[in-house]
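Here is the structure we will look at, set down as structure tokens.
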Amino acid sequence: MDMWTALLILQALLLPSLADGATPALRFVAVGDWGGVPNAPFHTAREMANAKEIARTVQILGADFILSLGDNFYFTGVQDINDKRFQETFEDVFSDRSLRKVPWYVLAGNHDHLGNVSAQIAYSKISKRWNFPSPFYRLHFKIPQTNVSVAIFMLDTVTLCGNSDDFLSQQPERPRDVKLARTQLSWLKKQLAAAREDYVLVAGHYPVWSIAEHGPTHCLVKQLRPLLATYGVTAYLCGHDHNLQYLQDENGVGYVLSGAGNFMDPSKRHQRKVPNGYLRFHYGTEDSLGGFAYVEISSKEMTVTYIEASGKSLFKTRLPRRARP
């Protein structure tokens, strides 16, 4: 029995007392690239295994929300608001009782942009737990019983950098709408400059840094990375590469890659494209059922635990509360 499973069992036994005495914290799951398949049964064994383990984790440890990091519907998104994929890839898969009232905050990936992203946004008015108000947006939370606050900036990295073909091109070439890309980047700069929260997170689909199949996203290394350092961002969360990674740069910015919700890829082909010392953890075992990141933010620190869909704890790291600007 690994330590994570033992912890889950212990906390299950102590659940009544934990409800009263647990350390106040904001807790959430970050999972990317979970979007099933376009043919029956419209989900994969890995997606089902992740849904089951997410439900178990939420039931025992709790979660205030789930952060969806894009590629919500493989391989070409959804066609309209009535697309059956909403039901068969999302609602019917993440259906455990423990998940029914947990909100999802959603952003789009490159495969979503091959379909109708506006329909995913509009679905927010139909589903009680699907929250996707606009292509990019800001979330604000307070840790219960404290004055400690958390901001999360949800980006559309596809409109920022351009779409990418997983088979023909590893890098997004250019944004389709340059004006929209500039608008989003300007919005983010202003938001980060004004952010006074104790923790500031940014989330998008494409990675800034990755050692895997797609590698670092040149557009984000050039345009986003300097903003993360300048404005003291705690961490950047993403998917796109189908594995789990944690990287940290010389400025202390954490890079949480959680793209193992539906596929697993062991590739390390871009390991030499990432600066020495950045990579702290990588997991892409082909026979694995995938996994996700579980984040807990307290008044003192932010903890990120990578969990395999089998229930095994793979890696854990901590990031400090940032100094108030």
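The backbone N, Cα and C atoms fix where each Cβ goes, glycine too.
The signal peptide annotation in Swiss-Prot covers 1-21, and the record cites experimental evidence as its basis. Residues annotated as Fe cation 1 binding site in Swiss-Prot: ASP33, ASP71, TYR74, HIS242. Here Swiss-Prot flags ASP71, ASN110, HIS205, HIS240 as Fe cation 2 binding site. The N-linked glycosylation site annotation in Swiss-Prot covers ASN116, ASN147. The disulfide bond annotation in Swiss-Prot covers CYS161-CYS219 and rests on similarity to another entry.
Positions of the features from Swiss-Prot, shown on the structure.
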| residue | record | Cβ contacts under 8 Å, 6 or more apart |
| --- | --- | --- |
| ASP33 | Fe cation 1 binding site | LEU69, GLY70, ASP71, GLY109, GLY239, HIS240, HIS242, GLY259, ALA260, GLY261, ASN262, PHE263 |
| TYR74 | Fe cation 1 binding site | GLY35, GLY36, VAL37, PRO38, HIS111, ASN262 |
| ASN116 | N-linked glycosylation site | GLY77, VAL78, GLN79, ASP80 |
| CYS161 | disulfide bond | PRO172, ARG174, PRO175, ALA181, TYR206, THR217, CYS219, LEU220, GLN223 |
| HIS205 | Fe cation 2 binding site | GLY32, LEU69, GLY70, ASP71, LEU107, ALA108, GLY109, ASN110, ASP156, THR157, VAL158, CYS238, GLY239, HIS240 |
What's the most sparsely packed of the recorded positions ASN110, ASN147, counting other C-beta atoms within 10 A?
ASN147
Helix, strand or coil for CYS219 (disulfide bond)? Use DSSP.
helix
Reduced DSSP assignment, ASP71 (Fe cation 1 binding site):
coil
Please list, in sequence order, every residue of the chain apart from ASP33, ASP71, TYR74, HIS242 whose Cβ lies within 8 Å of the Cβ centroid of the Fe cation 1 site.
GLY32, TRP34, GLY35, GLY70, GLY109, HIS111, GLY239, HIS240, GLY259, GLY261, ASN262, PHE263
In DSSP terms, helix, strand or coil for ASN110 (Fe cation 2 binding site)?
coil
Using all protein chains in view, find how many other C-beta atoms are within 10 Å of the C-beta of HIS240 (Fe cation 2 binding site).
26
Determine, for the Fe cation 2 site, the additional residues of the same chain whose CB lies within 8 Å of the mean position of the CB atoms of ASP71, ASN110, HIS205, HIS240; present them in sequence order.
GLY32, ASP33, LEU69, GLY70, ALA108, GLY109, HIS111, ASP112, THR157, VAL158, TYR206, GLY239, GLY259
Can you check which residue among the recorded positions ASP71, CYS219, HIS242 has the largest number of Cβ atoms within 10 Å of its own?
ASP71
